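Annotation comment: TrEMBL describes 1-60 as domain 'Kringle'. If you look up TrEMBL, you'll see 102-240 marked as domain 'Peptidase S1'.
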Amino acid sequence: MAWNSDLLYDELHVGTVDSSPRKGLGNHAYCRNPEKDKMPWCYTLNDGAISWEYCDVPACVMSVSFSRRIIPFNVPKPSNPGKKHVCGKRHKKRLSIAGVRIMGGNSALPGTHPWMAAIYIGESDFCAGTLVSSCWIVSAAHCFFRNPLKSQLRVVLGQQRFNVTGPNTRTFGVQEYIFPKQFSVFNPTLHDIVLIKLAKQDGRCVRRTPFIRPICLPDKSMAFPDNSCCTISGWGHMHE
């Protein structure tokens, strides 16, 4: 896709590329490396889904060896650092150029947050959730304080646009949902968490794909210092 494609303006809100001629961006789809990634890359459009790919092209200049000192961020390591988890990782590519957004938000590429779950409750209610394992979603308890019937619940994974399914989405029913004992409908903002167990399909729940993966959970002994940076994802409007 051309770097100044209307799809990138409307869907990704990357702003104008006219102010970035030195980065080689413009009315073309040539591979570029505007943010100094490990390789040049380009945006792609496959079956209506915008994504990106690295380009298999030779380097223009000889690589120069160098060393630099990296000061580690003081975050405790997990108690079992050697264990490798098969879980979701944030789709890192996002060409971020300043534009008009609500609270600095960006429109996400497909597969950017593969753990996100869209939870549809009845005909009108909606909540977001997070896939934490093959059969379990965690969400907000206040979304369920009216105790909806399980037959009224629908969980969609791999969804990019609100209430729009496609080849990358999977829809599940709900087997049960569980509140913490401390949760009360009279004060729903306290202990506001619920576990949702997905109904199995053909004997299993979620099959991992590039668009559907559980989130990486921290070790129970891990603590994050104040003012740590984080990313919050969800569905919403980018403008009024």
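Using N, Cα and C of the backbone, Cβ positions are placed for all residues, glycine too.
Unlike curated records, TrEMBL annotations are generated automatically.
Computed over the domain 'Peptidase S1' (102-240), the whole-number mean pLDDT of the model equals 88. Break the domain 'Peptidase S1' (102-240) down by DSSP state and the numbers are 10 helix, 41 strand, 88 coil.
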